[in-house]
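Novice: Annotations for this protein, taken from TrEMBL, read as follows:
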- E63: active site, proton donor (ACT_SITE)
- H61, C89, C98: Zn(2+) binding site (BINDING)
- A168, W184, T210, D214, R221, G308, A309, G310, L311, N312, G313, S314: NADP(+) binding site (BINDING)
- S182, R198, E306: substrate binding site (BINDING)
- 12-137: domain 'CMP/dCMP-type deaminase' (DOMAIN)
Amino acid sequence: MTECAVDEGRVKDDDFWMGLALEEAAKARRLSPPNPAVGAVIVRDGRVIGRGFTQQTGGPHAEVMALRDAAARGESVEGATIYVTLEPCSHWGRTPPCALAIVEHRIGRVVTSVADPNPQVAGRGLKMIRDAGIEVTEGVRSKEGWLSNRGFLTRMTTGRPWVRMKCAATLDGRTAFPDGRSQWITGPAAREDSQYWRAVSGAVVTGIGTVLADNPKMTVRLPDQVRFPFRVVVDPRLETPVGAEILKGGGTVLVCAQAGEEAEAALVAAGAEVLRLPDAAHPGRVDLGALLDELGRRQVNEVHLEAGAGLNGSFLSEGLVDEIVLYTAPCLFGSGMPVASVPLPEEPGLAHRWTIEDFTQIGADLRVILRR
Ligand code: AOF
Ligand code: ZN
């Protein structure tokens, strides 16, 4: 074999084992935020001897869970290969560095999918491992690795969360009747599926129009959920009723452009937080970019935008949506509210085109995932 020849068998094996590590990472998606959802698999002689994923914030990282799993099975990890979906950490945070644990356990080889841009890590994890003489392979299944932590990686590199707009519409793109009635567009399977997207998010964002029309709770109602996104209402004139369902349970953030003192005091007394983020260029409107900056500071990796045509249109027009999860019901309304109010493009061919990343039938409905 020449020096730069690729060992194809090894590349294929690395892809396979990293696939198992990605499956572990998926198990952490609802649990780990604001920490990234990481998966790890320890392999020796073509056999998995340990696996693990990131626990709730403050708990062990994926590598430590996999090392513990191997120990519990009575397996020695000395000389084994660990597949990790994210570069092992190098810092003393809420837990000791995973890179150190890997070195101390005399792992023989480390294979990663994506680097950790967290300034506390940023290459130092792999350096610690290489400095200990351990072989490293990077970038295995990196597109999937990146997608599995698109929220965390976006926040670490831009300071803002990943924004996912979720909508449920008819074949003719209607989300409600002309009078606002919007229930029973999609079926129970689609409604349950959409709970998953709320559950992986750090914040659920809606608008005052939806609060007034539907009085939604915007909570996560999955039985085994242990971590809950906070709820945000874009409410420029602070019109949320004190008795609104979305305020129950407390901690809801109302983002306004201007607020009367009395209304604010009543809402604060009802358990809400009021935030003023006026858009300097558009009086009376909320600065959505500033809202995303603020959510980034609050360690929100993924925003779940579940709103009506107005707020959806504003997020879209400002280029702030990274992903759309669209449930399409197999029926037509003929009239009613659209998914989003956006300006008419100058030409049909000039409409912004999204890329379809996935489509799946969920119950009787179709779920399409689109990215920018
Ligand atoms: C890993 N493996 O499974 C995860 C990592 O506050 P701490 O101590 O829990 O550290 C959080 C940081 O650690 C987080 O921002 C990210 O950089 C990294 N996450 N690293 O080696 C893991 N979840
Ligand atoms: Zn770690």
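Cβ coordinates come from backbone N, Cα and C, glycine included.
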Novice: Out of R198, R221, which has the highest number of nearby Cβ atoms, where nearby means within 10 Å of its Cβ, if these are the binding-site residues?
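Specialist: Buried the deepest by this measure is R198.
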Novice: Write out the long-range same-chain contacts of T210 (NADP(+) binding site), meaning residues 6 or more apart in sequence whose Cβ is under 8 Å from its Cβ.
Specialist: P216, E306, A307, G308, L311
Novice: Helix, strand or coil by DSSP: which one applies to H61 (Zn(2+) binding site)?
Specialist: coil
Novice: Please list, in sequence order, the residues in the chain of S182 (substrate binding site) that are at least six apart in sequence and whose C-beta is under 8 Å away from its C-beta.
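Specialist: When sequence neighbours closer than 6 are ignored, S182 (substrate binding site) has T175, A176, A213, D214, M337 within Cβ distance under 8 Å.
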Novice: Among all protein chains shown, how many Cβ atoms are found within 10 Å of the Cβ of G313 (NADP(+) binding site), not counting that one?
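Specialist: Looking across every protein chain shown, the total is 17.
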Novice: Just checking: which of C98, A168, R221, G313 have a Cα that is within 10 Å of the Cα of the residue listed as 'active site, proton donor', counting only these binding-site residues?
Specialist: C98
Novice: Around A309 (NADP(+) binding site), how many other CB atoms lie within 10 A of its CB?
Specialist: 20
Novice: For L311 (NADP(+) binding site), what is the tally of other C-beta atoms lying within 10 angstroms of its C-beta?
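Specialist: Step by step: centre on the Cβ of L311 (NADP(+) binding site), count other Cβ atoms within 10 Å, giving 24.
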Novice: Go through the binding-site residues H61, C98, R198, T210 and pull out the ones with a Cβ less than 6 angstroms from some atom of ligand 2.
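Specialist: Once distances to ligand 2 are taken from each Cβ, H61, C98 fall under 6 Å.
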Novice: Kindly report the helix/strand/coil residue split of the domain 'CMP/dCMP-type deaminase' (12-137) according to DSSP, in that order.
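Specialist: Going by DSSP assignments, the domain 'CMP/dCMP-type deaminase' (12-137) contains 42 helix, 28 strand, 56 coil.
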Novice: Tell me, by DSSP, whether S182 (substrate binding site) is helix, strand or coil?
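Specialist: In the DSSP reduction, S182 (substrate binding site) maps to coil.
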Novice: Find, among the binding-site residues listed as C98, A168, the one whose Cβ has the highest number of other Cβ atoms within 10 Å in the structure shown.
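Specialist: Compared across C98, A168, the most Cβ atoms within 10 Å surround C98.
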Novice: What's the number of neighbouring CB atoms sitting within 10 A of the CB on H61 (Zn(2+) binding site)?
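Specialist: By my count, 28.
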